Structures are given as C-alpha cells and as structure tokens.
Amino acid sequence: MSLKWQYINWEEYNNGKTRIYQIYPYAYDALEPHFDKETMNIHHTKHHNTYITNLNAALEGHAELADKSVEELVANLNEVPEAIRTAVRNNGGGHANHTFFWTILSPNGGGQPVGELATAIEAKFGSFDAFKEEFAKAGATRFGSGWAWLVVNNGELEVTSTPNQDSPLTEGKTPVIGLDVWEHAYYLNYQNRRPDYIGAFWNVVDWNAAEKRYQEAK
C-alpha cells in the first residue's frame, strides 16, 4: 500500500510499486533571489521526497490507514499503531509540513496580509511589523531544526514553533503560514545566517493563500 494523498500530481510505477509524488507549484528558480534554485530543487526532490518514501514504507501493510490523508495521520497520532507512530510523526510530519510550505510561497508573494487575516493580525499583534518581529523570533530561537508558524488555535491567531518535523496539527492547531528553519532550507545561500533567511521569507509569502487558509481555519 502507498500513501493516499489528495494532492497527488503523478504516479511512477516501478516493479509494481507506486511512488506518490507531490505537486510543486512553480519552477525551482521562481523564488530567486530570495530562495535560490539549487536549494529549492534539493529541498523538494531530495528532502521532501525522502519523507514520502519513508512514510510509504512505514504504512506498508497497514490497510486500515489506507484512506487517511497525511494531515489526518499527523493530527491523530494516537490512533496510529505504536510500532510505526514515530515514523509517521517524523515522516508524515515532514510530508505535511513541506506540502503546506510550497503552497504558501509564491513568485508574486510579499507585501502585506490581505482580507480578514490582515485585520486579525493587526488586532492580535498590534501591527504587521510587530507580528513579523514575533514570528522571526520564533524562527531564530528554535534550537536546532524545526519550523516557525502562524496558526489558528481555538479560533485565535498564535505564533509558535515546533521541533524537527512536528506538525501543529498534532497539537490541534491549524497552520496559516509556516517557515522551515532546518539548515537544509537555507544553508547553501545563507550559510549560518538564519535571520537573513527569515527576512527573505517575507518577500515570497503568498498572502492570498494565507488568507484562504485563515478562512478555512477560523
């Protein structure tokens, strides 16, 4: 059995086994100069693909999970058999996080939040600049590897971070925007300058996509 996923782009059959790949919605150089082509290529084809491969391997033989989306799996880890729970947490989380990440980036991104999300950010944080400062702090101070997030938690916006590939979905929180702060996401271009990478993120955030996520979550 291979993972069923609602964003399947295409399937490649090798020796009767299906490998599920994900949509990558733009060219690898589309986010330059902020996110460079080589990093995005490796990030997508190597790192993200490894999470999918490992997740499919973990789910092999678990027909009871065949109809679960990756989001359902990471949101309900206690329902996943204990023998594969850690693998699903790490690799399912990595798959869900990266899938989300690609969809909130855009070559036409940047600027200001829009719609009700803009109003909610202003109300919660006082200003867009104050929000960016809090989000940047969450990303910069995440020790080791992890993610910075703007989430909806019990109907309210919240800035948070998660370690490794943990998903906010596991905590019952719904992501609105997220930033991968693993070194593989930025080291080729920014080396150890994580704050510079975080600053570049604001040039490629798709606020229309974030507004849609917010509307679905609140």
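Along the chain as shown, the residues are counted starting at 1.
Using N, Cα and C of the backbone, Cβ positions are placed for all residues, glycine too.
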Cross-ref Swiss-Prot: Mn(2+) site His98, Asp180, His184; candidate in list His34, His43 matching that site is His43
Taking the mean position of the Cβ atoms of His43, His98, Asp180, His184 as the Mn(2+) site, which residues outside that list, in the same chain, have a Cβ no more than 8 Å away, listed in sequence order? His44, His47, His48, Phe101, Trp182, Ala185
Just going by other Cβ atoms within 10 Å, which of the binding-site residues His43, His98, His184 has the emptiest spot? His184
Chain-internal residues near Asp180 (Mn(2+) binding site), provided their CB is under 8 angstroms and they sit 6+ positions away: His43, Asn97, His98, Phe101, Trp147
